[in-house]
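J.: I'd like to ask some things about the structure below.
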Amino acid sequence: MSGYLTPKKKVWVADLVAKKAHGEKWAMLTAYDYATARTFAAAGIECLLVGDSAANVVYGYETTNHISLDEMAYLGAAVVRGAGNALVVIDLPFGTYEASDEQCVRTATELVRRTGANMVKLEGGSRIAPRIRALKQAGLAVCAHVGFTPQSVDNLSGFKVQGRDDSADQLRADTEAVTEAGADMAVFEMVPADLATELTAACPAPVIGIGAGAGTDAQVLVWHDMADFPAGDHRARFVQRFGSIGADLAAAAADYKRAVHTGQFPAPEHTF
Ligand code: KIV
């Protein structure tokens, strides 16, 4: 692992708040298992998200709404074991926190206890502010998620940019509500860049953007998108590919198959 940039000491929320104060950008990536968590932490990624996007890219469900608490907990525990000094955030799955503050706190404490994650994330703006307040009172660190919220894809009538024109004021109100409720960080998903920049400047908590332009404090991508490991046919406009893991893995598998079929593998040096 020489030459790697593993954060030298544990990353805390306060470190990310300090980075915001100094105008220093930082990076978040999703992770769903031990090996990728180790790799991303070793690359110096400050923050790992055990996203409920695992529903799509790990479990092959059509939407994030199918993933269960158990399915999240097993992945989260593996990520935390590999995360080193990176701060680990985990999503509260759909259906496990909306009904009441009590349900939300019960779910979040169970998830943190079972995984060791540092922070929980939940989707929604003003409507979810009471849940954020309850989580803070229970002593948990909380990340809000506003703008496009995938768990509400049906309610939002599809994958759409949020906060355009008339709905900009709703996004302003949502950001203010989650901040006042005590959110330690906020994700802005699919928000016009100028609005995201305005709200990031007004928000005391670090803001992480995905499809929200360059004016947020940090960026997050689903790692399969970042490294081009396709788990479906759709590619969002906000994604940039920084690798070609899918093609590399397919080529490695084809080479392996050829070597087995031709008897070239295993060679004498692989044999006891
Ligand atoms: O689940 C996830 O991966 C997310 C990111 C897209 C922010 O919530």
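If you go along the chain as it appears here, the first residue is 1 and each next one adds 1.
Note that Cβ sites are derived from N, Cα and C of the backbone, with glycine treated the same way.
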J.: Per TrEMBL, what member of Glu24, Glu110, Glu123, Glu176 joins Asp52, Asp91 in binding Mg(2+) at one site?
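T.: Looking at Glu24, Glu110, Glu123, Glu176, the one TrEMBL places in the Mg(2+) site next to Asp52, Asp91 is Glu123.
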J.: To the nearest whole angstrom, state the Cα distance for the pair Glu189 (active site, proton acceptor) and Ser53 (3-methyl-2-oxobutanoate binding site).
T.: 13
J.: According to DSSP, collapsed to three classes, what secondary structure does Ser53 (3-methyl-2-oxobutanoate binding site) have?
T.: coil
J.: For the 3-methyl-2-oxobutanoate site made of Asp52, Ser53, Asp91, Lys121, how many Å separate the two farthest Cα atoms?
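T.: The span, Cα to Cα at its widest, is 12 Å.
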J.: From the Cα of Glu123 (Mg(2+) binding site) across to the Cα of Ser53 (3-methyl-2-oxobutanoate binding site), what is the distance in angstrom?
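T.: About 13 Å separates the two Cα atoms.
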J.: At the Cα level, what's the spacing in Å between Asp52 (3-methyl-2-oxobutanoate binding site) and Glu123 (Mg(2+) binding site), rounded?
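T.: The Cα atom of Asp52 (3-methyl-2-oxobutanoate binding site) is 11 Å away from the Cα atom of Glu123 (Mg(2+) binding site).
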